[in-house]
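Shown next, in structure tokens, is the structure this report addresses.
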């Protein structure tokens, strides 16, 4: 370089100066500062900017300057070290509220940091011979933005547009630094450029509010498709925080109202209908028509009769209600979508066939009651009109008898009595059926059944045995039951035995019954039936009578024996007998008669008692008392 010789000549001088300074005992080290280059704080929080000189300096001057946007550096505060104390002086607070402050260590304090505090703060330290040092601390103030707001396009957007249309505007207000806005469709981020594009783009605008905070507005433009009719959109604001952290605020989701032409039309019977497409006569039926265009087009509902359209309804819902539908309303119905934006090849009209099922009341060839003689035959017909063709079935007591309209009854018996039911049903319309019934009464002479009686375990009857006889009968008219002896119970129906009645008779078996028997008879106007109960051989009760007489004799003999024994025992242990005059006794003082010798008092008493038995009613009788 051109100045190389000059610098070469000055080098020895600089080297000599450095040697002299190093050898001087009072030489001081160069002053250095410890200042963080970047300080981050949330808006509204307090922050302290540190400026600490390194090394030992007895005297120095510390000053804080603010670098404004014009490049000027007004002095905010200063502090001078005097011995061990720092003398602080505030110079220019720049109208800040609350004002700047210096603490006892010379650190600059900013209470309630604001966005306007984002500046470069310069700390200058002058230490005399040690020189002057300067360092800059940059303050960054962060503010979390308000909740993200979105304003969707409220109009109807057409999918037939060839260019992008405005979808929505997203706002993130009062943040710092300015947030970033992204857009989402169905929770998936949309990658759209900021340059205009026919398929889609977005624009952004940043505004600094009076508070110094920043607000961002983003507008999304997209070319829409029919698939977007159910899509959900939203936006999100991404903001920064101290220490490299980030946050996100999502807006509410929204949907768009789209205009797109009809491509498909559907027309069907809504309710009620069977899988085969039949409806019941009398039901309320709804016909529904629906196209896939938006907004909903106008629907014309009509009926085809003789290849002519009879318009029944025109509405935006596409429904037609037929209340109390009748068989006469069967036929072809149609629906037409009045969409003039649809493509020419789209079929906008649909038809369907409405089939009304009906079932008329059943008719029987016989009346409600059919009377037939026993062992006769008959045929009963059941006729019905319905659509689709009904199926007929005969039953009796829930037992199937056969399918078809004809019921054949042959060789009928009393078991044929009962109610016969003809049931008509429509296999393709399960809920539609009808029934008709008649009662069969079989006329004939009674049928009689008797419950035979069995003798006791030893195989024979004895006179006096009790037996209950039962007779049952059936027939029409209901038979009467009678017995050859009185005492029979009135005839009563037998539970569970249709048409049967029974009567019972309870009596004692005798030899006469064994000879003649007991008969019961069932009769009605058509005849009678009789049954005789026989008992076979009946044993007499002689052996039983002898045993009974013998038992009575033994009992009486035992009783007399007991009385005699008791009497003798009383006589042996008693105080003797004395005679007493019952009537006409001698006057007091007359001596009583006494017995002497071997004559025992017991014998005397018995004799006297026996002798006086006939004269006990006399006036001068005596008796012995023991």
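Cβ coordinates are placed from backbone N, Cα and C, and glycine is handled just like the others.
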Of 501-523, 524-546, 547-569, which span is tagged transmembrane segment by TrEMBL?
547-569
Which one of these stretches, 419-470, 575-626, shows up in TrEMBL as region 'Disordered'?
575-626
Provide the three-state DSSP residue tally for the domain 'Ig-like' (252-353): helix first, then strand, then coil.
3 helix, 56 strand, 43 coil
